[in-house]
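Asks: Submitted below is the structure of interest, expressed as structure tokens.
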Ligand SMILES: [Zn+2]
């Protein structure tokens, strides 16, 4: 707690007043831009690598940046993630949902080891809420990963996007730059788009192009941020050269 209390004192002296000014500015005209789902990993600080500020994003974090599929819930109730989608997209009329995965994700590393049946046994799941969470809500990511593995990581995967008719194709790590667990992390990130779209209360907005779904991926070791380009069918590093084409694609696909 030393680190936290000392940090609060520092904030109190240096940052607090500026933040209060920002709170005042957004109070009467709140216009959050995105609901941002990411991992709870301590290295993931999404407001820092997106340079966003007070009032910009609703951030939801959990182990492995998962959004459970609606089929797991009767009446779509009883979990944080759909409630956050409703608060963001319906109550606050936010038009973009972003799912952001990352490299060396401990949850994804664990998910990868859950391919071992013993490791994923019911007994082990009872003892570990984390294993249970991953087995229940990331099983489809693992299935897609195994599908890709069976083709030696060469064939593309297909994911459903905003509507069942709107699918996109993805080549996962075609340059073979990342570890096997990182490939799983990228698949998992894209699978969550499909899960977001499973909620009935978002259906109309998704069908009328009032709500758009995006995937980002953060490389912890280089600090590079990738955007999943449906046009290029892969994660593309966001930099000075690619930013303009990425924005053009976003405008074309999502306006
Ligand atoms: Zn993680």
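Using the three backbone atoms N, Cα and C, a Cβ is placed for every residue, glycine included.
Pasting the feature list from TrEMBL:
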BINDING   39, 41, 102, 105  Zn(2+) binding site
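I'm curious about the neighbourhood of these features; can you describe it?
Replies: The Cβ of residue 105 (Zn(2+) binding site) has 27 neighbouring Cβ atoms from other residues within 10 Å, across all protein chains displayed.
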Asks: Between the binding-site residues 39, 41, 102, where is the Cβ count within 10 Å the lowest?
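Replies: Selected from the binding-site residues 39, 41, 102 on minimum Cβ neighbours within 10 Å: 41.
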